[in-house]
Amino acid sequence: MTIDQMTIDQMTKIFLADKESTLNLGILLGETLTAGSVILLEGDLGAGKTTLVQGLGKGLSITEPIVSPTFTLINEYTEGRIPLYHLDLYRLEPQEVLSLNLEIYWEGIEIIPGIVAIEWSERMPYKPSTYINVLLTYGDEGSRQAEITPFNCTISDLIATK
């Protein structure tokens with residue numbers, strides 16, 4: 001399946017049978033999203049947010065291991081097709097997030113534009129003008145569900161045409 005075939009221009013729910021399915025969704029997004037794309041990730045602990053970002057890295061041809069930046073807050077991976085900026089706001093309060101000036105990542109200020117993936121994005125006091133929200137929830141027997149919602153954009157606005 002390609003991202004074009006998914007036609008996610010409004011909220012779409014995708015069943016993810018296992019960890020590999022979550023990884024594959026990330027790979028698909030990494031292969032097709034363009035620089036400037038922002039993915040806001042929500043979900044309980046262990047729901048698959050980091051796994052999805054690991055897939056993004058694979059889709060971007062990043063070879064170094066993608067790890068959760070829970071304690072470093074931001075991990076930057078710049079050797080792929082385009083850079084990946086992986087943020088984790090789990091330990092922060094909204095006022096602390098405000099002081100990070102996250103807009104430098106999605107506006108490409110002082111950094112090379114890339115894909116921005118933010119775990120625990122519900123802690124953000126403000127959001128970019130356009131983004132994709134991905135809510136990961138638990139299903140039965142280890143499965144997950146991804147609820148993907150574009151805000152002020154369509155997926156087709158964000159994908160690279162070949």
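Easy rule for this one: first residue shown is 1, then count along the chain.
Yeah, the Cβs are placed from backbone N, Cα and C, and that goes for glycine too.
Taken from Swiss-Prot as is:
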type	residues	note
BINDING	GLY46, ALA47, GLY48, LYS49, THR50, THR51, GLU141	ATP binding site
BINDING	THR50, GLU119	Mg(2+) binding site
* Asked: What is the separation, in Å, between the Cα atoms of GLY48 (ATP binding site) and GLU119 (Mg(2+) binding site)?
  -> 10
* What's the CA to CA span in angstrom from ALA47 (ATP binding site) over to GLU119 (Mg(2+) binding site)? -> 11
* Here are the binding-site residues: GLY46, ALA47, GLY48, LYS49, THR50. Which has the lowest count of other Cβ atoms within 10 Å? -> GLY46
* Asked: Between the binding-site residues GLU119, GLU141, whose Cβ has more other Cβ atoms within 10 Å than any of the rest?
  -> GLU119
* Structure fact -> If you measure between the CA atoms of GLY46 (ATP binding site) and GLU119 (Mg(2+) binding site) and round to the nearest Å, you get 12
* Quick one: what's DSSP say for GLU119 (Mg(2+) binding site), helix, strand or coil? -> strand
* Taking the Cβ of THR51 (ATP binding site) as the centre, count every other Cβ atom within 10 Å, in any protein chain shown. => 22
* For THR50 (ATP binding site) and GLU119 (Mg(2+) binding site), what Cα-Cα distance in Å is obtained after rounding to a whole number? -> 8
* Hey, how far is GLU141 (ATP binding site) from GLU119 (Mg(2+) binding site), Cα to Cα, in Å? -> 24
* Alpha-carbon spacing, LYS49 (ATP binding site) to GLU119 (Mg(2+) binding site), which is rounded to whole Å -> 6
* **Pairwise Cα distance for GLU119 (Mg(2+) binding site)/THR51 (ATP binding site) [Å, integer]** => 11
